[in-house]
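Each remark here refers to the structure printed beneath this line.
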């Protein structure tokens, strides 16, 4: 397994159209009996586990990109990629794929991806229309070329045909030659047509075209074409920015010319995607997926080339640790400086994007070497919390990186079966208190607060951040969290906030009402029981929405269901005795000849029936116990009520239930729901004003 030619990284495309690293291993092609065909196998270099097992299908479209990539789709919305360390290994596997499919290895794609509906329509068109004939590449035909490129974007078949035509005739370089002519002549109409053409060619989403367009001798002309957007009064000056404003600064000289070229290309292509091209519409959002992949794998290649450079990283760390390094030089490597911090964030984002598992492995080793305060994850959290940018640009970027690192779905069980358990345990032990500190500080109880009047039971006033957090937790519908909420009596400050809000119909009011409405609609039984048992008396007067009446209705329905279930196993003792007596007296009128036999039968039955009744009563008791346990789970005992002196009372406080029917009022609040009418008894002829909310929840 030491052969580096077959060393690959496995990637899958996620729902956000980003590539996820699935691990590093060695690829082989072999016959798999279970799959009945030649398959690609990738085994992890760490433990030999199987990272990939994919049968080479005769009808799958495989693409070779950038000499070291093979990309294909296994099913709808499931794209795979192999990134080879060496070109020779990529060529070997590519030849095997082409051999199985009977294709020429000189091609960069083995199939034209055609969906069935498109293929059926295409069969009805005469054969001659299969070809896309390009107009002559002349100034007078630019409008015709632009119309052609724009018209094919809605058809996968025609996009494929046009891409092949553009590649086979060297058409791209001819178009860019016309761009230089139009710019010399200041031919604005022609330049506007060239903008539409180049933009449309990018939307063809073909890696082979990108290789030409983003080459050193073409990319600046491509950028130039994209400056002349017809929607703009004056063209943008993107080329001036890339050539004069943007400077390539080498902290450590890069001697590898191929690496330098790759860095320049990646920066410019990223600039095209992020700055020049407009935000794609819903129709266009998948047109640039290959461009995203092109940039991503360029970055992978850059990192790999830096790792393989024996001198570069050694020199970087030598200068960082050398006390003689001047501040002006060190500033480029690391200081408490806004620009340096932004650069460090970018570097960290590339590392997380390249291999989140590698970053997790590193941070889990840190507690053995350093204090909690300087752990990498804690530094990231603090930078996120303390971002000085009013628009929070850096905080948003760091938040995305942190989410990637702690997302359990992004942790690979196949390469490291303990990664999820170990990293999450590490995070909760060393980092969670840092992440939650601002939230806890913002909601902490201030004993000296003037807002708290003597005798008030209001604790931990709810801020909008804490309310959103609680809503997200309840939205998980996880009973583990629900039990924690019940145990901590965490609804009390929420309800206090609702009551203290008074008659104001504002965002806080709507958010709290929506929280309880969600609990009602989703029928979260444990929370419904807790709310009704402990807080309904304080909430029953709120009638401008029917949410709380609906919660009470759900609660009563569940109680009825539990009662009916119990009654199924319960029989009256007297009725049992009457049934037994009737049974025994049923045959009293039989003749005397059967008396002896009957006596024997009664004796036998007496023993059997006694055993049967004992077993039945035991089953009924067991059912009652089980049902009571189920009821306890669904309707837990109320948590101790907190009194002003913070001593829990020994009994559950009683709740008075309303005796009058609910009357629909004419006043409508910010939150109302169409299903409220189904849960209430209404009298449409009666109207009354909404009663005021209770001032505060009392103990």
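Placement of Cβ uses the backbone N, Cα and C atoms for every residue, glycine included.
Remember, TrEMBL labels are computer predictions, not curated facts.
From the options 552-579, 608-635, 636-663, the stretch TrEMBL describes as coiled coil is 552-579.
TrEMBL lists region 'Disordered' for one of the ranges 514-544, 669-699, namely 669-699. Within the domain 'PP4R3 EVH1-like' (5-101), the DSSP-based counts of helix, strand and coil residues read 17 helix, 52 strand, 28 coil.
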